[in-house]
Every structure is written in C-alpha cells, then in structure tokens.
Amino acid sequence: MFGDYEAQRHWQEVTYNLPLQEWYFNTTDNDLNYWGLDYPPLTAYHSWICAYIAKIINPDWVELHKSRGYESPTHKLFMRTTVLVADLLVYIPAVVLYCLYLTDGSSKKKVSTLLCFLLYPGLILIDYGHFQYNGVSLGFALWGILALGLGWDVSGSMAFSLALNYKQMELYHALPFFCYLLGKCIKVGLMGRGLFLLVRIAATVLATFALCWLPFLSDPSQALQVVRRIFPVARGLFEDKVANTWCSLNTLIKIRSILSGDSQLYLSLACTLLAVLPSSFRLLTKPTFWHFKLALANSSLAFFLFSYQVHEKSILLAALPACLLLNDLPLVAIWFLQASTFSMLPLFLKDGLLVPYAVTSLAFLFLSIYLLSALDHCSEDELRLGAYNKLFFCLPRMDLARIVRWKFYISVAVMAGLSIVSVALVPPPHLPDLFPVMLSMAAFLHFFGTFVYFHVVQFSGPPSRKSQKKNN
Amino acid sequence: MAAPADSGCWFPALALGVSFLKCLFINAYHSTDFEVHRNWLAITHSLPVSRWYYENTSDWTLDYPPLFAWFEFGLSHVAQHFDRNMLQVENLNYASPSTVLFQRLSVIFTDVVFIYAVRECCRCVQVRKGSRDVLSRPSFVLAVLLLWNFGLLILDHIHFQYNGFLFGFLLLSVAKHLQSQHLQGALLFAILFNLKHIYLYVAPAYGIYLLRSYCFTQDNKDGSVRWTSFSPLRLLALGGIVVSVCALSFGPFVAMGQLPQVLSRLFPFKRGLCHAYWAPNVWALYNVLDKGLAVLGVRLKLLEEAELPRASMTGGLVQEFQHSVLPSVSPSVTLVCTLLSILPAVVSIWWRPRGARGFLRCLLLCALGSFMFGWHVHEKAILIAILPLSILAVESREDAGIFLVLTTTGHYSLFPLIFTPAELPIKVSLMLMFTIFSFTALRKLHSGQRSLLRPVEVAYLLGLVAVAIACEVVFPLSPWQQRLPFLPLLATSVYCSVGVSYSFLRLYGSLLRCEDKPKQL
C-alpha cells in the first residue's frame, strides 16, 4: 500500500538515518518527491521515536533506501501499534477527562457520551484503516479545549500550540482559541489582570513554539524551508472530489478554468474570512465555553467549506467540535458525524475498508441514538431552534420535532442508498465520476446545513431556564 | 436521563452490538476448520447421500453425525448463490472472497439460535428485588457473559466453527428444563447430539435426571425415590422422542447399511491421547510428569536414553505415541476414568435430586469430567463447561468464584489457537474486556463482606498474567524460540490444567455439599 502508510514508514527512515538539518531539504539521500516531510517538527520527532523502537525490533524496517515499500505482517502490527499507543497516551485520556468533567448529567449519561465519542467511525477508520496520526493532533487540541474549559488558560494555550506544531491543519481551530482567550482577557479587564493573563498566554505560546522549533532556529534558511514544506501554495483550488463549496460549484460553473490561480487564491481567502468572522466576533464579545465550542465547529466548517486546497480528511477537524456537542445537541451532532464519515467513503473504498465502514457506521448510528436518546430530545427548545420560528414567523407553525426527525430518516436513507449504489453499480462510461460527485454533493449539502444551524444556535439568545445550567 | 426508556430494549442492543463486532472479523485469520466446512458443503451438495461418509478426496472427512450433514446440505443451497466453485469437491483449500463472506455470514446468522437461547436463559434467572438499574440485574449480566463470551467469539468468528449454533441448542434445552418443560428439553438435546456427538459426554446427566425426576413423578418425604410412582407413559414419551430424532438422522444410513462406516467416521480412535496442542486436562499433567521423570531418570543414570521411545507428543501431527516412564494410556482406560469421575455426580442426583439446578450442576460435572479424562480432547471443549456455569454464576456467590477461575483459565488456554500477529491485539483486548467485565459485574452482583476469590485463586490468576506475558511477548523475542518452539504451548497447557482441575474439584465440593430441598416435578 503505497500511501500514507509508506509515507509514515519513510519518515521514520529519514528521521532516524539522516541528521536533523537534512530532514526538510532535498538532498541525494532525501528525495522530497518521494513522500517528503510536510508536517511541522513535532511529527518529525514522533517519527524519530518510532524509528528508534523499530530499529530495536528489526533494523530492516528503517534501512535507508533499502526499506522502501517494505511490508510484512509484523511490521504492519508494529505500525498499527504505534497509532494505538499514541492514541492511548494523548487522545483517549483527553476524551475520558472531557466526558467526565465537562459534560453534565448523570454518570451513566457521561459514560454514554464517552462511548459515542470514542466510537466515531471517521477517526477510527482514517487513523487505523487509512493510516495517519490524527489522534495525536486532535488529542492535543482536545487537551487545550479541556484546559480552557476548566479555566487553566495558560496550560490550554500550551497544549494547543503543541497541536499546531504537530499538524498545521490545526490552524482551522486557531481563530476560536485566539478569540476566546482575547475575549476573556478583555472581560477580566484589559488594564490589570487581563493584560497580565494576555502576556502570560503569549509568552507560553512563544515559548512552546520556540521549544519545538529550537533545532531549526539556528539557521533562518532551515526555518524557512520547513515553512515552505508545510504550506505548499503551488497547488490548485481543490484536489480530487471533496465536499466543499468550490468542488460543488465546479460541477455547475467550471471555476478552475475560468479564474486564474492567483484569483482563485484571493477568492477563497475572501470567502473564508467572510465565513469565519461572524462567529469569531460573537465569541470575542461573549467568551463562554458554550460559545467557544460552537465557534470551534463554525470556524472549522467555514475553513473546510471555503478554504484553499482542502482534503476530505480535513472534515475530522470539524468532527472534533461536533463530538464535543454530543451531549448538548445529540441529534445534530450524530447526524453531522455520520455525514462526515459518509463523505470519506471514496477514500475508504480505495483502501478496501467497505466492511469496517458499514459496520462502524451502523453501530455508531444505532448505539448513539439508543444511548443518548437523540430522537427523543427533538423538541424545539432542545434543538435551540427558537430563532427559526422568529425568522419564519409568517409561515404556519409546524411541529418542528417531527419535521426534524423525518429529515434525519430521509438523510440517513439517502446516505445509505448512495453508499450501496457506489459499491454495487458501475457508473455509465461517459460519466465515470458520477458516484463520487453525487456523494460529495450530498455531503456538501449536509455540511452547509450544519454550518447554518450552528450559526443560528450560536447567535440565538440565551436558552430557556431549564437548560440554563448548561452554560458556564 | 439518558437511560434507555424501554427497559426491555437492552437485549436487542446487546445482540445487535455483538453481531456488528462479529462482522468486523470477516476478513480475519481463519483456521483449517474453514476448509473442513467448505469441504462438507461441497460433499453434501455435489455427491449423493450414499457417498457422503465414504468420500475421502480431502483429508477432512465428514465426521459429524448425519443431522449436521443435512444442515450443511441446507447451507449449500444458499452457498451456490455466492460462489458455485466452493461446492466442487476437487477445489481443495478454495477460499475466494465470496466463499469467506458466505461462510462467515452463515456463522453470524446461525447464531440467532444462540441469541434466542440466551434470551430464554435470562428469563429463567431469578429476578433480584429492588434492582431497578439495568446494569446490575442478573439477567443483564448473564446476557453479556453469554452473548459476548470471549471463547465463543474467537472460536466461532476467527478460528471458524459453528459452536454458537450448537450451544444454542444446549442452552435452550437447559432453559427448558429450568422452566420444567422436560419433553422439549429432551427433544432439543436429542437434536443436539445428532448434530455433534461430543455432547454425548453430558448424556448421563440428562439420562439419570430425566429418569429420576421426570419418570418417577413423586418422591418420598425424605427425598428418596418412590418406586411406585413410576410412569411408563413418560418414559415412553422420552424414548419415543430420542428414537425418532435418531431415526430421522441416521435412518437413511441404516437403510443403506452404512451404519458401521458412519460410526467409524464419528469415533476415530486412531488419534492420539492428546491433540497436537495439549488440552489443559489431567493427561497434560500426566504427560509432563512422564517427560519430567524421563529427563530425571536419564540425568540420574537410571534409564538409558537410547531405550526411550522417540516420542513426538508435542509435534504437530496427531499420532499414537508411548509414554516412557509411566504406563501408557489407552482409550478404554480414559473411558473408565471418565466414568469414574462422573459417577459421584450422577449418583448424587439420583439419590437426592435437587431440581433443575442440581441437574445443571451434574451436567457441568459431566462436561468437565470428560474434559479432564477424555481421549483426544480439544481445548475448545472447555466451553461446554463455561457457558452453562454462567447461569449458576449470576445466582450463587460460590459458583461465581469458581466461574471466574475456570473462565479466565479456560479462555486463556484458547490463546494458542489464534497465533497470527495481526490477531494478537484482538485476542488480548477482547480477553481483557471480558475478564474485567466478568470480575466487576459479578463482584457487584454478589456484594458482601468477603471477596469472591480466595487469596490462592488471586495468586493463581496473577500468575496466569505472568505466563501470558512470557508466552506472547517475551518468548518470541528470546533466543529459545528456535530450540524449544513448543515451550509456550507446554507452559500454557500445564498451568491451565492446574486451574481447570482445581475448578473441577471445587464444583464437586459444591454439588456434594449442597443441601437443598428436593423438588417435585
């Protein structure tokens, strides 16, 4: 499997055998065209540690040049174990602590939330099936969120800086963190304690970055090369079929051919900023944990939908905030999480993961709806949809709960139908990409709908007295 | 509150959850038993009935009773829609993706019998007053211990067998007896041993129990048998049921005069005392003692090394072998030992019947006794003791303690069956999950002053963990891997036989000490 699996193995080979100065450069020993390192330094250090252990077990696995394309059952077990160990050390403790301390309800509800959080199919299939280390970066981000929720702002910012230094895609979450912390400092009082807090946070962030980049800071060209590798701007507006606005728009109007490369960049930048600013501004004015969670969801969705060169796996960055909302808005969270898994189906099919996809999706849907009683908590108040009624006051009053439930059933049926059709049928010869395109358009509609919904919830007034205690 | 609104909903959720888990194992490692069943599908589909028990193109000849052959015949009609090529007898070791999918799905679907049986067993378990929380009800704990049983999961869905289907019949028959529907129980048992004759090991328990408690309708005041209350009608009904099921199963073969051939296929005594991997029973300890004495004898110059037979008990093939120091064991000796070991249990339910639960205890002892002393026992047979013991474990404190020791030991002894690197995390994590659940749930169910396990048992189980780490992690990376490859199997067998023997003796103790009032039927 010459994909991400080989890329990770190759990075272990490179980081173990070559000196640090050569890791991000194109040298005779390090061919950057063959899976060159394109993540920040923490990933490289992690690969180095894994390579060290690999060398002890079997040196053939990380032999320079000779181990390209190496595959054996024991090596596969080793690589998968590294993912599991990383998850056990970083991601899973964060999830457990979040569910125990920052969700409310009885202990049984907390355990149910925990189970559903861990059972999210998208992360399991990508990390363990496709092979990546998203659990580490998402885990660090979750530690940051956890710390911020408990009021430990400095530790939270340190954890999030670590997440950023592991995968640059965590920038999707950076704006909410920034706005929340800034908003909190302003609220406490920009003269005095607020300023002190701000200075401490800034110092922590700078120190963490400096610590991670220390070996590369000795030579400015080193640091610049790393930046060049992690932010490649030479690619196009989107690649392959991804469920965001540009790909969906491309089916109607061929943007990629109409606009030039630079104007595509500026257009996506402008749209992303436009999409992200409202929710961030709201968070700045009302820096509560509830708004922080919603802003995380909104910001990552905005980036996914409108940004430049987005991969389908980036939906995981929006899935994490959705998982945080499993306790508060169960139905919509489960719906979105299922849609996100569904959107990655072409990737799973390429990896031969059809059966795990089907089983984990069905299990997730059944168990989460059963454990969290999602379909029972559909009333207008629980879904925070009071705003919709205000907007559509001219239309006759309808039973919102029933409508939402039916929409959910239809949506799940559509997703199931498209999944089966993608697998069972052969597309017509003049439209070879019919099914991936239909799939990504369906997913796009779900994501856009969720984007609008989360905005409505974030901007609606304080909830009714019953659920008042949910906010802090 | 997020607790499920409908209190009866937890059973379907558990059943559905475990079925999803089973689907994930479709592409995992499967053993030669997969080819065995594919071969039987081919034989029953492609050949006429008269050739079924004569066919030997493949090494894996049909050695289950005819009712199972009919079952495979039925499955083969569904199989032809998946992949016709698997039904050719000549296609040895054929394992296309459709074949694998069909076979795995057939196991998952036939498990519906097991799920139904578990539902019936949960209904028989006494409801504890005042426990409104679903998770601490005996029926919930029993359902998890049975549906999510680690041994059954890895044997059926990784190693590949139809144990779930067969155990469904056994547990359903037990449940019927617990509900006092004895004719149905007898019918189910008759079907069961016509599906797999290994269950004849527990036939004495059925026979004596039904004779004593069903055919004699009343007891004297002190619990002894009242000879006058014998009901020939009931005996006739039972006999009729058993004979008619056997006739249905063996009938065609008796009509064709093939009975001796069928019996010789069903009871092959050419195989050795122990399977290639020794089941953790008395003979494993016997073998080790023999080997130990031989080595000691050579060291102390009491024996000549050249005189010792070149025993290959630990080799991969199942051949007959001789013991070097201790007397060799023949099939008849094992039969006598087995009968002697189950005699006290059987006599006890004749003498002082203790109702259906006494019968269940006797059934367990028959299963364990035949496991301990039988000829060519597979380690998989430990499940015949573990699954019914779960029913007793959720009701009685002492049985829960025995259950924990027997189950953990028995499940660990199944580890060598799944030896591929990819399945190592699966078996370790499933085992841990099941063991942790069984300990915590049973402890909560039987909360009291004393703990469930005695100190010596706790020490034994901790030793089991050490053996596990040594065999799975330390040994493969050590230098002895090449010279003594059988060492981890040996260590596992011997250590587990100690645990199984201990549980056997404790179960006997609990049967003989139990002084319940004899029940009327």
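Cβ coordinates come from backbone N, Cα and C, glycine included.
The transmembrane segment annotation in TrEMBL covers A:77-101, A:113-131, A:143-164, A:196-216, A:290-308, A:315-337, A:357-375, A:408-428, A:434-456.
Pairs of Cβ atoms less than 8 Å apart link the transmembrane segment (A:357-375) most often to A:315-337, out of A:196-216, A:290-308, A:315-337, A:408-428, A:434-456. Counting same-chain residues at least six beyond the ends of the transmembrane segment (A:290-308), those with a Cβ under 8 angstroms from any Cβ of the stretch are 145, 148-149, 171-173, 175-176, 179-180, 233, 237, 244-246, 264-265, 268-269, 271-272, 274-276, 279-280, 282-283, 314-315, 317-318, 320-322, 324-325, 328, 444, 447-448, 450-451, 454-455, 457-458, 470-472. Counted over residue pairs 6 or more apart, the CB atoms of the transmembrane segment (A:196-216) and the transmembrane segment (A:143-164) come under 8 Å in at least three pairs, which marks the two as touching. Distant neighbours of the transmembrane segment (A:143-164): 40, 42, 90, 94, 97-98, 101-102, 137, 170-171, 173-174, 177, 180-181, 184, 197, 200-201, 204-205, 208-209, 212, 289, 292-293, 296, 324; these residues of the same chain sit at least 6 beyond its ends, with a Cβ under 8 Å from one of its Cβ atoms.
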